[in-house]
């Protein structure tokens, strides 16, 4: 069989352009990189990026640069149209980011592009739409600010395979943040911001007057910024200059963070990375890497920038000599900063595997019981003189006075809807936590409490017994089971509503979150918390606890936050309600939050009143779900009327309520079910946790008040000891990372102290 030669045909221009566009624009982050470089070439000082669905649905980038002339709008999206060079020889001295005229053209071939632009001498702005590089209609005059606004919609709408390959919006959004973050570090005199469409808070935000170190701190955190070394060298023979910041020997990460700019262009260089990491190998632990930000300025005639479609690679003369010079300079800087080294040690927790792989043998220290047949002698340094099961008298003396917001307010315990989350979490041996009473008992007990403290609400208390059968509607009727809880004699009242019949939740997302909590549980740490003896509070954030012969310092804030998160996940849609007797307007709460420095509001975010109205309308749309699943009740007028009751006799710190409302609208992922439940639970847990800034220390009180007869000087301490840490015993599954991030620290061990003091 003879082979027939194929016919060579000229490809259609549209096909050629679409193929070329697929090379230049590989993902949304590439498109944003190209447009940011155009903004920088236009002398912009403020660049704002807004994206939707990781940039696949919408990319909007706005600058305050020079703008585009109306006469140029006809050809601005055609290939090989640029204002930055005219002849090929101009490449030898090119100092701008763009030079081929392919960025906007490539984007217009794979997306719908709209450009709104205004020049300094223009009387108005002009808007034009483009498809396949061609102007769809004559530019229309419109209102607009100085600069250019480019809107890119439905990226890769005509390349189905590429769109299917980029199916993870979160991953694409992460790459966008990475690109913008790197350019913001290099261009410290320019303001950058990135946020999702509809969000009020930017995920990346830098200020025009911020330094390079400030931007590194904003993007990568304090852990990097406080360990930086400034580097800089120049070699006139090789015609290059280098400056930047590198991490010292105290800082290391699992993956190298390398920001390299050559002639202000973000590029990659495997050879330079390898040369620098060779230097760090002598200073950092094995399999760890440094943070590197380097900016090389090489004579333009020595650099070839036209070697890759995406421009992420460049070639330059004397490459080996320049790399060697940079390597030597960094080595000299590290050598001079190696006079001291900081190490973070982790004390071995009881029962953890030691270097030999064997678990540490627990020292029980309890005197030999009558059932012990061994008769082994217990030495003084092994003896535990406390019992985690013993109760204190003040546990029954609930404070009446209020110094902080997070303590229970009713003189008698208020029965809530706290039920066991799962058989794994429910520990039968916990005799101290208040168990949920039977419906009849709840009605009787509520009636007795009302007779003693709130006579005027006895009628409501008698209705606490549910009238619906187990098989009736799954909706909760909280109004018939209200129990008034007095904050103080003259203050506002709140209502704790019980929900005694448990709903069965079979949502896959919730079950998955429960499984994740169970899988990351640290059994040894759980055993310690279950059998600990509370020693005392250091401050609202830290507390001391003893387990066997060891003394631990525990981060109450982080542990309580994890506790409430797990309660929200395991008791999902089964909460009682803390109902405010006077509804709290969401608008007022949002305004209070925006007035707080914690919100991070600036004038660029828009008027506070408009943001507050948006928050109210947004949360009103989510009111049904919030009430059904989380017992956060919002009425039709936009008032907050109820909060979830997570633990009996515990009221969250209401000083944090405004920020909580703000973060509900801005920090929760409302697009995906699992992420929504997870982030909403975390925000709610953060609000309920013990937080130092919302606790009023007794040292700030006047001596006259603290010396008043019958006053309790430390009610928040009572709450921490008898409510929060009591809940840790039976309801907290501590995650493994608590043993590594400093939230649980071992301070002392009795046998080790005995070696020093030789007595106990």
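In case you wondered, yes, glycine gets a Cβ from its N, Cα and C as well.
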Annotated stretch (motif 'Nuclear localization signal', per Swiss-Prot) among the listed ranges 451-454, 475-478, 479-482: 475-478
Segment assigned the feature region 'Disordered' in Swiss-Prot (from 332-353, 354-375, 376-397, 662-683): 354-375
Inter-residue Cα distance where the pair is residue 103 (ATP binding site) and residue 33 (N6-acetyllysine), in Å: 10
Packing count at residue 103 (ATP binding site) (other Cβ atoms within 10 Å of its Cβ): 23
In three-state DSSP terms, the structure that residue 103 (ATP binding site) belongs to: helix
Cβ-Cβ neighbours of residue 33 (N6-acetyllysine) (radius 10 Å): 24
Chain-internal residues near residue 241 (N6-acetyllysine), provided their CB is under 8 angstroms and they sit 6+ positions away: 232, 233, 234, 235, 296, 297
Overall pLDDT for the motif 'Nuclear localization signal' (475-478), taken as the rounded mean: 38
C-beta crowding around residue 38 (ATP binding site), within 10 angstroms: 22
